[in-house]
Amino acid sequence: MLLELLESICENNQTKIVDFFSPNITLSQSLQTFASCYQNNLMVIIPALFLFIFFPILMFALHKSKNPKLEVCSPVGGRITIGIILITITAVQFFYNTYRKWYSSKNIPLSWIYSTGVRYISLCFALFLTLACRNRGIVTSGVLFNYWLLLLVCSIPEFIGKYNYYFDNSDIFKNLFNNKFEEFGSADDNLLQYSTIQNILFIIYFPLLIVQVILSCFVDTPKYHVTNEKECPEYYTSFLNQITFDWFTPMAYTGFKRALTADDLWNLNSSDESKNVVSQFNKNFNNEMKKFAMKKIRKQKKEKRHGKIIKLEEQQLTNENQVSSKAKKDSEENTDAPSVLWPLFLTFKMTFIGSGFYKLLFDLLQFVSPKLLSVLINFIQDKQQPLWIGLAISIVMFLVALFQSMVLHQYFHNMFRLGMNIRSALISTVYRKALFLSNTSRRKMTVGEIVNIMSVDIQRFQDMTTFVMLFWSAPLQVLLSIYFLWDLMGVSVFAGLVVLLLMVPLNSFISVKMRDCQVKHMKLKDERMKMINEVIGGIKVLKLYNWENSLQETITAIRKKELINLKQFAYLHAATSLSWSSAPFLVAVITFGVYVTIDPQNNILTPQITFVALALFNILRFPLAIFAMIFAQAIQCYVSNKRLKSFLAADEIDPNDIETRINSSGKALTIKDASFSWIKETDPFLKNINLSIEKESLVAIVGRTGSGKSSLLSALLGEMTKEKGSVHINGSIAYVPQQAWIQNLSLKDNILFNKTYDEKLYNKVIDSCSLRQDFEALPNGDLTEIGEKGINLSGGQKQRVNLARAIYADKDIYVIDDALSAVDAHVGKHIFDNVLSTNNGLLKDKTRILVTHSLHLLKYCDYIYVMKDGSVSEEGNYSQLIKNNGELAELLEEFLIEEAKTRGRSVSFGEDAEEVKEVLDHLEGIDPIKKRRIEKELLKTVEEIHTSSENIFDKEETLSQVNDSREKETSKLLDNSNENKTKNVESLTKGQIIQKEGVETGKVKLSVYVSYFKAIGLFCTFKFIFIYLLSSILGVLSNLWLANWSDNAKKIQSSNNTDETNQR
């Protein structure tokens, strides 16, 4: 039918298309026939159709591009010039053809006008796109490259035909160029002379087209582009370079010469950087979360209208019971939480669509090879066909396989990159969620569960990304294989289809069991990770009480349960793998058996049927074999998605609890009638809080232990749930916690915290925090690396680094939670005078909120809030509160007595005598009786300290002698160690704790494999090897048997003895 359609398109005076495959003509004659019949009708349309179909892809890239213009001196200048010349030649052909057709009344084929017109339009459009690429900075274009390549390939037959025509009609060319142009175009010229002009123009056109294709193989250079050695060259290479991965050759060559290191790697492309990937994903995911929140609110309103709100029956339930009841309610609500799948698709939809196109193209190309194989077998059987047809089929089969490989590798490249980006987006989302979890949610989720979500569940999303297209690709391959098998072998293929249908319920049952095992496995894994984190966190106490063995047994017991579950999952996975891997074999056997059984006289396995069917069965083998892995990964990903949904839908800290604004006027912080709780819907821990703090003031918050001071700071930071009232903060906040937080970086990096280095400010900060002497004592100054959690720093040093980081951040409000408690008295005084003091402090122009137990500092504060039982019991300046003789006065009394007990020697020997005397003088003006009582307590404490200090001094004298001898020995050891250190200083970075990880290079040693085989058992090892070899041998033998069967069937067919065929 196709041949008849093409013949009808050809003109009557042209060669018939069937002559193209005639065994009596040569390759040159066939190509000339092909040119005369096809070139003016089909071969011009193919490139133009390709360009007009795929140009939206290029338009999208042009729309997204923000690159500068390309240099004119780059290859794009040559492509523009040659494009103009090609358009000019085609325009001359088109207008001349039109003139000859309608104004000379000559029999010129109309297809010549159509072909030149289509070519002219497509060339103009290609030139327009080339100019647009230059203006928008597109360095290479796959659409334009493939267009020029297709145009060249489709022009080859016409060029050969016209080239042969030139030599076959050389006398006409001589007459044409021998001053006979005046005769051309007259009434006596003929079609042959007209064709000569067309041939000359096309012979000029074709070499220019070759040059255009060659120029398209090179990348253009954008203006102001500075080449960076660390920049990934992928996006700055030509399309041909990209599809062949030639840009990766230098990296592969470097890895061939030596082992690659992290310094050898290129930087990430901007589209793969986390900041860009995460921002795009968060935009789509936040939209889904907003819809979920609105749906949740509507559901709650509906429940209120119908009276279905869950209420606690007993108000005396403990907080734990309240949390557990709310956890059940939240778990039910989180089942409707939005999945991350749709936001992921919206974020990476172009990559999904592009990869889907690659996969579809690869799947369709797979079925080209069996068809070509069938044609090749027919060629071999037909001895009369010309040799060039067989060569052409072989070349086409090679090109199809090459193109398949290029398409498949582009698909995997995109999908592996997509998996990496999905992992980055999800890890960032989980990490952000962990930081914003409400206290109720934190109590429901363990650290082990969050770690497993980030390390295991998200990894399964990345692993699943590579094969996600197989959910539609595998069924498509199966259906196409069955269709072509049905076309080849008829209804017998439906017998094999029954086998596939029987596999579905069996594997569905196994999949349910695998899902249950996976859920149980993740619960056990969460429990084990929780125990390990607790053990590591409390390792000191564990060692102190010798609990290692008992906790090891507990963790081992959980691990044993986990291994039992994993073994059960492995058995189920093996069962589904066996069922799907055996499916192609069963389908082939049953199909061939039914084929020769239903019609023994006619259904004989010829080589063509056998080998083509085997090729189709081999195509069918992969999707059926991969089904098992897809199902296993899909089940794991389903469980991970469910866990991730539940985690991401957990309650967060409400950002609307704290109203933050930046205004030059007004209070720095205002709290009105606010109550806060750690757990939602429980009794408030902080009740009726009212604060009003002026800008640039120093405010102290004091109170007994457990009175709510640190909780009040947490409420200011938004970490508590606001039950009522309002909180207004005017400016940005820096927080200095009581427990210092240190990164495993250098001291300088810990202070800068990714802010720009300002030498003047930096020096002021370290001097104010009394860190200069510490830096000088360290081996590499402030570049000395700090260990994990600041393990190589003292408590005071960590707290001062913590404070220095907050000061360098340069915020409006500083919230400091008893930061001076970890430092010595004289250091604390230095920090207060140089940092917090209203007179000379570095933060004198900032608002400072200080929680402190150092009550002697209160007289320097502008305002004081006294906390008691979660409420503000009194407030005012120091003088007012002393006169009130209230809670603060009692705290001062307790403070003085406690100071005498804990710093007895300091009080008796006068280190803090001035502060104590000043506090006593304040108390004397208020209550002389209280002052005398405190003095008696102090004298009593001092006497007790004096009596005990004599023995201490005697012991100290003895200890000092021992220490002197130890110091001498130590100094010798230090001298020796320093000598050894100087020898190694060239190999180790000064002040660096963590050195570069040593990596073995070269081949894996045989001992490693032996150890692995011993771990799994020698019997299992040999069994696996034997079964694998046996499977491979049987697979080869089955193909050989079918080949022998088909050869024998061909021999028997000639003798019409079908009984022997059926027996075989």
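Any Cβ shown, glycine's included, is placed from N, Cα and C.
Residues annotated as domain 'ABC transmembrane type-1' in TrEMBL: 353-636. Feature annotation from TrEMBL assigns domain 'ABC transporter' to 669-894. What TrEMBL lists as region 'Disordered' is 958-983. Annotation comment: TrEMBL describes 42-62, 82-99, 111-131, 143-160, 200-219, 387-408, 467-486, 492-512, 569-598, 610-635, 1015-1037 as transmembrane segment.
Using the rule of three or more Cβ pairs under 8 Å, pairs at least 6 apart in sequence, the transmembrane segment (42-62) is in contact with the transmembrane segment (143-160). If you look at the transmembrane segment (467-486) against the transmembrane segment (610-635), you find at least three C-beta pairs under 8 angstroms, all six or more positions apart, and that counts as contact. Proximity of the transmembrane segment (492-512) to the transmembrane segment (610-635) is established through 3 or more Cβ-Cβ distances under 8 Å for residue pairs spaced 6 or more apart. If you look at the transmembrane segment (569-598), the same-chain residues 6 or more away from its ends with a CB under 8 A from one of its CBs are 485, 489-493, 495-500, 503, 506-507, 510-511, 513-514, 517-518, 521, 604-605, 613-614, 617, 620-621, 624-629, 631-632, 1038, 1042, 1061-1062.
Most Cβ pairs within less than 8 Å of the transmembrane segment (82-99), among stretches 200-219, 610-635, 1015-1037, belong to 200-219. For the domain 'ABC transporter' (669-894), the model gives a mean pLDDT of 87.
With a cut-off of 8 Å between Cβ atoms, the residues of this chain six or more beyond the transmembrane segment (610-635) that come close are 366-367, 369-370, 373-374, 377, 460, 463-464, 467, 470-471, 473-475, 477-478, 481-482, 484-485, 488-489, 500, 507, 511, 514-515, 518, 573, 576-577, 579-581, 583-584, 587-588, 591-592, 1039, 1042-1043, 1045-1046.
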